[in-house]
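Annotation source Swiss-Prot lists ATP binding site at Lys73, Gly80, Arg81, Gly82, Glu141. Per Swiss-Prot, Mg(2+) binding site is recorded for Asn233, Asp247, and the stated evidence type is sequence analysis. Annotated substrate binding site per Swiss-Prot: Asn299, Gly356, Ile357, Met358, in sequence order, evidence recorded as sequence analysis. The domain 'ATP-grasp' annotation in Swiss-Prot covers 36-278 and rests on sequence analysis. The annotation transit peptide is assigned in Swiss-Prot to 1-27.
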Amino acid sequence: MLANVTRSTSKAAPALASIAQTAQKRFLSVHEYCSMNLLHEYNVNAPKGIVAKTPEEAYQAAKKLNTEDLVIKAQVLAGGRGKGHFDSGLQGGVKLCYTPEQVKDYASKMLGHKLITKQTGAAGRDCNAVYVVERQYAAREYYFAILLDRATRGPVLVASSEGGVEIEEVAKTNPDAILTVPFSIKTGLTREVALDTAKKMGFTEKCVPQAADTFMKLYKIFIEKDATMVEINPMAENNRGEVVCMDAKFGFDDNASYKPKGIFALRDTTQEDPREVAGHAKWNLNYVGMEGNIGCLVNGAGLAMATMDIIKLNGGVPANFLDVGGSATAKQVKEAFKIISSDKAVSAILVNIFGGIMRCDIVAEGVIQAVKELGLDIPLVVRLQGTKVEEARELIKNSNLSLYAIDDLDKAAKKVVQLANVVGLAKENGIKIKIEN
């Protein structure tokens, strides 16, 4: 196993950095204070902190910590908090403080306001909590993560002597500084591998055993809590010669949500796209919002991705990924349209269904219901193939609705891009138009 502890190549580093991003996006993420509480639960050395949801609570938390060295951190599920800004005018979501009064003042400018970072986009995200934490001084900073890696089909340690910065930046500028250690989930993380990794990361001799112990505890969390990612950035040696996890990010497997472990009770849906929450929780629809103007309703994740690709190839930009699955009802299809049309940027919609398990006539019924009941006034291109397709075409024909029924996918994509461009141009100029087939 020790032979597997190798320096990452320039190709592997960006790939593993990408894993970290994907894990956070695909699976449940929890706030920093929840992650830190979990570290304390497993006796991992981490700074003391208290969560607060009002300025007064923040003030009391600062007094309780009883130190003049404090940090207040906005609890928003997005990276780049320190370099972000609030709609209140406050610059930065991580602030050093020296008095409880200063903590209270910063809390009043964070709580109830939106934090805008590179990851949130211009819309920002609501800050409903702050984490007041004791400040610790790092003599050395490292990066450490445990991820699930599809390439090796198991867990992998990703570590670096360059902590406290974005791992993606390290991967770009100095990929040789990243250490990757795949290991078997059957044998788990052994102490031998943990010690060797700590040495290769550059921990001082005194701190190597502490670091290895920390790695083992983090792996225990990873396994027992069904994590897909455990990321510590930075992991530090403080000025007292102790290994401390200064910040933590966890991702958890959505497929484990049925287990009574309490992790999924920590989900903060205010930090998620409400359309994604509604689609998944209420209607079992796999929806991901994007920034384009062409809505997509497709069955099957692969076909959905191919549909987005062909829209892009024809010069359009998808507004969403939406997979209705193989057993959707007409009601679910209608609700899918409701979610898509709630995005004011959508100028046209492409329905692309290949009926295997999914019947085309069911989709057609849902399309007709949606257009009639929701009063959809944007162009709709429908491409249906497969089971019950003739019945579906007959339903659409008899509905007397103004739909574009096109069998060829490339032609359907071209048409929806053309229509979206026309409607988009009209919107920009304040002109209301109605396109009829």
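Every residue, even glycine, has its Cβ placed from backbone N, Cα and C.
Since we're looking at a predicted model, the values are computed, not measured.
Residue pairs drawn from Asn299, Gly356, Ile357, Met358, the listed substrate binders, are separated by up to 10 Å at the Cα level. Taking the binding-site residues Lys73, Arg81 in turn and counting surrounding C-beta atoms within 10 angstroms, the largest count is reached at Lys73.
Across the structure, Asn299 (substrate binding site) and Gly80 (ATP binding site) are spaced 35 Å apart at their Cα atoms.
If you measure from the Cα atom of Gly82 (ATP binding site) to that of Asp247 (Mg(2+) binding site), you get 13 Å.
For Asn233 (Mg(2+) binding site) paired with Glu141 (ATP binding site), the C-alpha to C-alpha distance reads 8 Å. Ile357 (substrate binding site) is surrounded by 12 other CB atoms, counting those within 10 A of its CB over all protein chains shown. On the 0 to 100 pLDDT scale, the model's mean across the domain 'ATP-grasp' (36-278) is 90. Here the candidates are the binding-site residues Asp247, Gly356, Ile357, and by Cα distance the one nearest Arg81 (ATP binding site) turns out to be Asp247.
If you take the Cα of Met358 (substrate binding site) and the Cα of Gly80 (ATP binding site), they are about 42 angstrom apart, rounded to a whole number.
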